[in-house]
Amino acid sequence: MDGDLQRFVRRNSDAMIDWPNGTVPSQWEDESSAQERSECVLAYIPVVYYSTLLCVGVPVNILTLVALYRLSVRTQKALYVYLLALTGSDILSQLFIIFVGFLLETAMFHRDVPVLLLRSVSMMEFSANHASIWATVPLTVDRYVALCHPLLHRQISYPARARRIIAVVLILALVSGVPFFWWSDMWRVNRAPNNLDTALIWTHVTIIYFLPCCIFLVLNSLIILRLRKRQRQPMCQDESRQQLAVPGKLGKTTAMLLAVTSVFAVLWAPRTAVVLYHLYVYSVHNDWRVHLAYDLANMLAMLNTAVNFFLYCFVSKPFRAAVRDVLLFRWGPLHPRHPLHHQRTAANASTSSVFSSKRSQREVTPLSPKRVDIKM
């Protein structure tokens, strides 16, 4: 058994390291370049890690998708539409990047896959990754408008508009992945990055990290400042109950948003740093330490596609209830419609009071002579 295990590890490590380059044909590589190639120190650990992440992440994200869909249908809020788009993009990222890109191409079928198919899959990987990250941007904008401009949020935030925004985001993500058809894989390339590689790497880190992080930082800072300002303001006695009810609800949503964006910024920071280090300092192909750092950074970045479920469960009580109902096959309504019923009752009561006051005014106010004549 030990000999078989060693042969399995050696075969997987060879499959992960000594594959032919997609941009440089294998017959162009000489023995010196093959000897200088950095080795994968982790051996079969990435295969085990990505397999576990795929087996756990995909079912968890599907469960999240079903629970969010039920909440979206039940509440008719744009918030759940954005979260649905984020979860669906995470599933696509796991399928294209982890399953197709790493497990199938790298660990199993890489030697037999045509270059055109490799480049096409690479383009789809970047498109799914961009969609997964940029689906959080309209969610952040929606939360900012809800807290800082509540009247405007009531007018512009509804599910139909949210679906149109998500459709635009997905189309732009697909278009933004087209240039990465010419992306050079850092594990395989044994040359220094050229001008095309430099342009693609800077486009990649800008789209996938720097630009969305700047948007998250600015909008989240404005949200926190508005919440602190609202807490300092004295509350009127007549409106104390309403003002106490609203911040608690908005606080949970804001906490969810801050958690999602913060986890993304932390998990993707190592990969961005290693990519830029590879570009300007030392190549992944030539230094095993950079190779190791790149492997670990990719593993952390892909972890971001499976943690949102636990963040939602930790923050949101309605989401926990929806997940419990899905697991227990309860397909009825999640919660009774008491709030909506009370709102309609209050609206009907206010309308009836207006009508009754107008009717009483007509009864008390004497009719003019002309109206008396007409009436008679």
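The backbone N, Cα and C atoms fix where each Cβ goes, and this holds for glycine too.
TrEMBL labels come from automatic prediction, so no person has curated them.
The compositional bias 'Polar residues' feature in TrEMBL is assigned to 345-358.
According to TrEMBL, the domain 'G-protein coupled receptors family 1 profile' annotation covers 60-312.
Summarising the annotation, TrEMBL assigns region 'Disordered' to 340-376.
Annotated transmembrane segment per TrEMBL: 47-69 (among others), in sequence order. Remote same-chain residues near the transmembrane segment (47-69) are listed as 12, 16, 80, 83-84, 87-88, 90-91, 94-95, 98-99, 102-103, 107, 299, 302-303, 305-306, 308-309, 312, 319, 322-323, 326-327 (criterion: CB distance under 8 Å, separation of at least six residues from the stretch ends).
If you look up TrEMBL, you'll see 81-104 (among others) marked as transmembrane segment.
Distant neighbours of the transmembrane segment (164-182): 81-82, 85, 89, 119-120, 122-128, 130-131, 134-135, 137-138, 196, 200, 203-204, 207; these residues of the same chain sit at least 6 beyond its ends, with a Cβ under 8 Å from one of its Cβ atoms. Among the features that TrEMBL reports, transmembrane segment is placed at 164-182 (among others).
The transmembrane segment annotation in TrEMBL covers 202-225 (among others). When Cβ-Cβ distances below 8 Å are used as the criterion, the transmembrane segment (202-225) is approached by residues 126, 129-130, 133-134, 136-137, 140-141, 143-144, 147-148, 176, 179-180, 183, 254, 257-258, 261, 264-265, 268-269, 272, 275-276 of the same chain, each at least six residues removed from its ends.
Annotation comment: TrEMBL describes 257-280 (among others) as transmembrane segment.
With a cut-off of 8 Å between Cβ atoms, the residues of this chain six or more beyond the transmembrane segment (292-315) that come close are 40-42, 46, 49-50, 53, 56-57, 60-61, 63-64, 83, 86-87, 90, 93-94, 97-98, 132, 186-187, 252, 255-256, 259-260, 263-264, 267-268, 270-271, 273-275, 277-278, 284, 323. Summarising the annotation, TrEMBL assigns transmembrane segment to 292-315 (among others).
Listed as Cβ neighbours of the transmembrane segment (257-280) (distance under 8 Å, sequence separation of 6 or more from its ends, same chain) are residues 86, 133, 136, 139-140, 143, 186, 193, 197-198, 201, 204-205, 208-210, 212-213, 216, 220, 223, 290, 293-294, 296-298, 300-301, 303-304, 307-308, 311, 314-315.
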